[in-house]
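Record features (Swiss-Prot):
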BINDING   ARG102, LYS103, LYS106, HIS108, GLU129, ASP130, VAL131, VAL132, THR133, THR134, GLY135, GLY136, SER137  5-phospho-alpha-D-ribose 1-diphosphate binding site
BINDING   THR133, ARG161  orotate binding site
Amino acid sequence: MSPLPPSAEACRDELLNRLAREAYRHGDFTLASGRQSNHYVNCKPVSLSGSGLELLGLALLKYVEPDAVCVAGLTLGADPLVSAVAMAAAQAERTLNALIVRKQAKGHGTAAWLEGPLPPSGARITVLEDVVTTGGSSLKAVQQLRETGYLVTRVVTIVDRQEGGEEALNAAELELVSLYQLNQVAERARQLETET
């Protein structure tokens, strides 16, 4: 694995390049929301690689609320993200655990919705998401966390598609923070394509 770029800006630029090359596609697609789009972003090729996880962990950790004790997100897209951020926090000597929110309660054992070390009721949790379109996945995670007694006021995403997700999250009293907008990733993909 190559070492991280020396500055935060270089790290951010490298992450944008990785997303543009490995996560972004142009064509005709049906999104998880059911919407049709000419742009598709699948962050998993980046978020499931060691070097991508390292970049994402550092980039996302910067936007986790200072008093948050956990990061959480809906399985599957958020699974590597919460782990990467918890690891980056540990390396920065910050205690921050990871929780995975199931799409439905476990059908056996404890019938749990949440996996991971559960903090006490009332604890602040920051929700992580790979891509926000309508905000539906984030809202499902937030609903489960709030029903369990946790304080959730912020969602941090890698890419905001700017298709109503921020407005839906704001309506649920959530702040959306994004590393990149879809147009930034698409533009970088075009730039990289013309360079080759």
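Note: Cβ is positioned from N, Cα and C throughout, glycine not excepted.
Here the features listed in Swiss-Prot are painted onto the structure.
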residue	record	CB count, 10 Å
ARG102	5-phospho-alpha-D-ribose 1-diphosphate binding site	17
LYS106	5-phospho-alpha-D-ribose 1-diphosphate binding site	12
GLU129	5-phospho-alpha-D-ribose 1-diphosphate binding site	27
VAL131	5-phospho-alpha-D-ribose 1-diphosphate binding site	22
THR133	5-phospho-alpha-D-ribose 1-diphosphate binding site	24
GLY135	5-phospho-alpha-D-ribose 1-diphosphate binding site	26
SER137	5-phospho-alpha-D-ribose 1-diphosphate binding site	27
ARG161	orotate binding site	24
Margin query: I'm trying to understand the geometry here, so how far is the Cα atom of THR133 (5-phospho-alpha-D-ribose 1-diphosphate binding site) from the Cα atom of ARG161 (orotate binding site), in Å to the nearest whole number?
Written below: 5
Notebook entry, point to check: How many Å separate the Cα atoms of ARG102 (5-phospho-alpha-D-ribose 1-diphosphate binding site) and ARG161 (orotate binding site)?
Noted result: 23
Checklist line | Separation of alpha carbons, ARG161 (orotate binding site) and LYS106 (5-phospho-alpha-D-ribose 1-diphosphate binding site) (Å) | finding: 31
Notebook entry, point to check: From the Cα of ARG161 (orotate binding site) across to the Cα of SER137 (5-phospho-alpha-D-ribose 1-diphosphate binding site), what is the distance in angstrom?
Noted result: 14
Item checked: ARG161 (orotate binding site) and VAL131 (5-phospho-alpha-D-ribose 1-diphosphate binding site), Cα-Cα, nearest whole angstrom -> 7
Margin query: Roughly how many Å lie between the Cα atoms of ARG161 (orotate binding site) and GLY135 (5-phospho-alpha-D-ribose 1-diphosphate binding site), rounded to a whole value?
Written below: 10
